[in-house]
Amino acid sequence: MQAGKPILYSYFRSSCSWRVRIALALKGIDYEIVPINLIKDGGQQFTEEFQTLNPMKQVPALKIDGITIVQSLAIMEYLEETRPIPRLLPQDPQKRAIVRMISDLIASGIQPLQNLSVLKQVGQENQMQWAQKVITSGFNALEKILQSTAGKYCVGDEVSMADVCLVPQVANAERFKVDLSPYPTISHINKELLALEVFQVSHPRRQPDTPAELRT
């Protein structure tokens with residue numbers, strides 16, 4: 001494996017980037033951030049330099065161990081395989097499948113439908129309504145699932161990849177003014193997780209590229 005700090009290409013508000021920041025913090029991995037502003041200058045993800053890292057023109061991208069990995073779940077799977085302690089995935093195969101199911105529900109079934117590229121397509125005047133619709137649809141399903149899987153967190157009482165995906169998506173829901181009162185399980189788990197240091201240090205309000213007016 002290559003020596004030197006991993007480098008994370010991240011945007012402070014990107015929920016996918018936040019997932020990876022949480023995972024890196026959880027595993028105690030020291031890393032450097034290279035901010036990629038998805039809005040400034042038409043989007044820095046479209047530069048030729050960044051496209052050599054990720055032809056999909058998306059964040060996050062992680063340089064680690066001599067390779068570059070994109071897609072947040074793939075990054076977390078790699079971290080789990082190479083640095084397994086503390087765990088993001090339970091040892092029990094059934095619990096592990098449930099964690100992956102919840103993670104994929106959020107990462108494939110909710111977030112992509114309300115990401116920046118989709119919102120641009122629906123038009124400025126329709127963005128809030130569209131985001132609320134798709135997040136609500138996903139949360140209706142997620143709440144039912146979590147009612148049967150949750151302990152203190154999404155799957156039992158240990159933080160997992162599912163939790164790493166949940167918190168950034170709840171932040172998206174809040175940003176789009178989704179009514180969270182129908183989702184008490186989601187809301188309770190989110191509150192418990194936000195009390196943990198790894199979720200705080202990785203928070204969008206505490207990143208190098210966070211605008212001054214949004215910092216806490």
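Each position is counted from 1, following the chain as shown.
Keep in mind that glycine also has a Cβ here, set from the backbone N, Cα and C atoms.
Residues annotated as glutathione binding site in Swiss-Prot: Ser14, Ser15, Cys16, Ser17, Trp18, Arg19, Gln45, Val59, Gln71, Ser72, Gln111, Asn115, Leu116, Ser117. Here Swiss-Prot flags 4-87 as domain 'GST N-terminal'. Swiss-Prot lists 92-212 with the feature domain 'GST C-terminal'. Swiss-Prot lists Met1 with the feature N-acetylmethionine, giving similarity to another entry as the kind of evidence. Residues or ranges marked as N6-succinyllysine in Swiss-Prot (evidence: a large-scale study or a structure entry): Lys57, Lys177. The phosphothreonine feature in Swiss-Prot is assigned to Thr136; the stated evidence is a large-scale study or a structure entry. Under the heading phosphoserine, Swiss-Prot lists Ser137, Ser181, citing a large-scale study or a structure entry as support.
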Starting from the Cα of Gln45 (glutathione binding site), work out which of the modified residues (Lys57, Thr136, Ser137, Lys177, Ser181) are within 10 Å.
Lys57
Determine the minimum-neighbour residue: among Gln45, Gln71, Gln111, listed as binding-site residues, which Cβ has the fewest other Cβ atoms within 10 angstroms?
Gln71
If you count other C-beta atoms within 10 angstroms, which of the recorded positions Ser14, Thr136, Ser137, Ser181 is the most crowded?
Ser14
How many Å separate the Cα atoms of Leu116 (glutathione binding site) and Ser137 (phosphoserine)?
18
DSSP-wise, what's the residue breakdown of the domain 'GST N-terminal' (4-87) into helix, strand and coil?
35 helix, 16 strand, 33 coil
Consider the modified residues Lys57, Thr136, Ser137, Lys177, Ser181 and say which one has the Cα lying nearest the Cα of Cys16 (glutathione binding site).
Lys57
